[in-house]
Amino acid sequence: MAKYAAAIDQGTTSTRCMIFDHSGNVICYDQKEHEQIYPRPGWVEHSPDEIWERTQSVIRGALSKGGLSASDIVAVGITNQRETTVVWNRKTGRPVYNAIVWQDTRTDQICNELAADGGQDRFRPKVGLPLATYFSGPKIRWILDNVPGAREAAEAGDVVFGNIDTFLTWWLTGGPNGGVHVTDVTNASRTMLMNLETLDWDDEILGIMGIPRQMLPKIVPSSMVYGTATGELAGVPVAGILGDQQAAMVGQTCFDVGEAKNTYGTGSFMLLNTGTKLVPSKSGLLTTVCYKFGDQPAVYALEGSIAITGALVQWLRDNLGLITSSAEVEALANLVEDNGGIYFVPAFSGLFAPYWRSDARGVIVGLTRYVNKGHLARAVLEATAYQTREVLDAMEQDSGVKLTALKVDGGMVYNNTLMQFQADILGVPVIRPKVAETTSLGAAYAAGLAVGFWSNTDEMRANWGVDHTWTPQMDEATRERLYRGWKKAVTRTFDWVE
């Protein structure tokens, strides 16, 4: 009797296979990094072949570490770095070009040309996203325009597109020998090509971008049996697909309207469940699909993306040498009582949500002779909390929903000083769950739900447990005084790049 659910978590820097029991505990996992390819400034690529090879390797590794075989697994789910774009030959499985990664900015000119008629928000009413290099549509267009023979092959139906979820699902289910060509609604919602209301490809946008519809995968729910795995997981249903931030929402069991989670990594991503209602953003957030389970209606979310949070701690370590490991930032910050009156706004490459200002650059303001490295470390941590507050304010403004608590995950949630200050500056409790691997867990949940391993979302919610809660300890007057200072500091970053 199979008693575990598996997840393949294909991230920006590494690939993992993680196996969970019915209570949502990690039984075993394996992880491997892959190469980051930088052919030119601003260009970032991955080898799709290497990613598929790593995926097979971590599946083998995880099964072996747990002493398990395919017959022990009820279903496998996939979660992935979103927006990263692959175009490959349907007959051979060979990519026509490397995967163009979400951070890659080569499509800047394509985006500017598209924005010349109708502005940056030209497609936002239909797709919920601004025109930006971040999303897949312009990346597909670049490959069709720049790889010899790619456009003709796409029109003939010989080459196909997929994000990483689609590429892995196709290979897992047989590749050139009957592989299933699908993507789920969450990944499709990051292409700029899917209409958020119909949950189908938008022919008008495809026409404007010059992308043949026949190269696109079929859009499917996030939880259903898409096909059966071959190879290491032979016979196991492939039954769940979610983009990484959406998978974290499911892993955190944010199933009710108004529930939110914030993932603290290199940058930070906050998502708020808005239910079956599409909420357009007037405050610089993205409207996206949160999940769709089987034939139930799609659930939507607002997303706030922050470019630099954890990366600022790395900067303190690598560029200034004030600490030798990221974990030391907490002890350094705790040498002082407060920030000594300074604010650090990390607009190293402009500001993301809610400003979207590419002309901004980083500043440290309020310096006096009194300030020391402890104050600097504290200001670095506080910058993460202030940026999160700005996104939260934008979410409350757009949705009309008042947040009562924030669920958190990611690497920085083990920093108590930061998490306490986060609760203080938001004025709501901040909650860290027992199982921190929320992204992988979300993919396993989606797959297990499709085959009845978990019968409903209530069973998943029952698995979710609190590891630690930080409650606000700051009075309202102090909170607002500090936040006013931050808002003033942010204005000092504008209009720097001419």
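The backbone N, Cα and C atoms fix where each Cβ goes, and this holds for glycine too.
Record check, Swiss-Prot: ADP site residues include Thr12, Arg16, Gly310, Gly411, Asn415, and the candidate from Thr263, Thr266, Thr368, Thr457 also listed there is Thr266. When Swiss-Prot records Arg82, Glu83, Asp244, Gln245 as binding glycerol, the matching candidate from Tyr29, Tyr134, Tyr291, Tyr300 it lists for that site is Tyr134.
In this structure, Ser14 (ATP binding site) is part of a beta strand by DSSP.
According to its DSSP assignment, Arg82 (sn-glycerol 3-phosphate binding site) is coil. Asp244 (sn-glycerol 3-phosphate binding site) counts 26 other C-beta atoms within 10 Å of its own C-beta, drawing on all protein chains shown. In the three-state DSSP reading, Thr266 (ADP binding site) counts as coil.
In this structure, the CA atom of Asn415 (ADP binding site) is 30 Å away from the CA atom of Glu83 (sn-glycerol 3-phosphate binding site). A gap of 21 Å separates the Cα atoms of Gly310 (ADP binding site) and Glu83 (sn-glycerol 3-phosphate binding site).
Taking all protein chains in view, 22 other C-beta atoms sit within 10 angstroms of the C-beta of Tyr134 (sn-glycerol 3-phosphate binding site).
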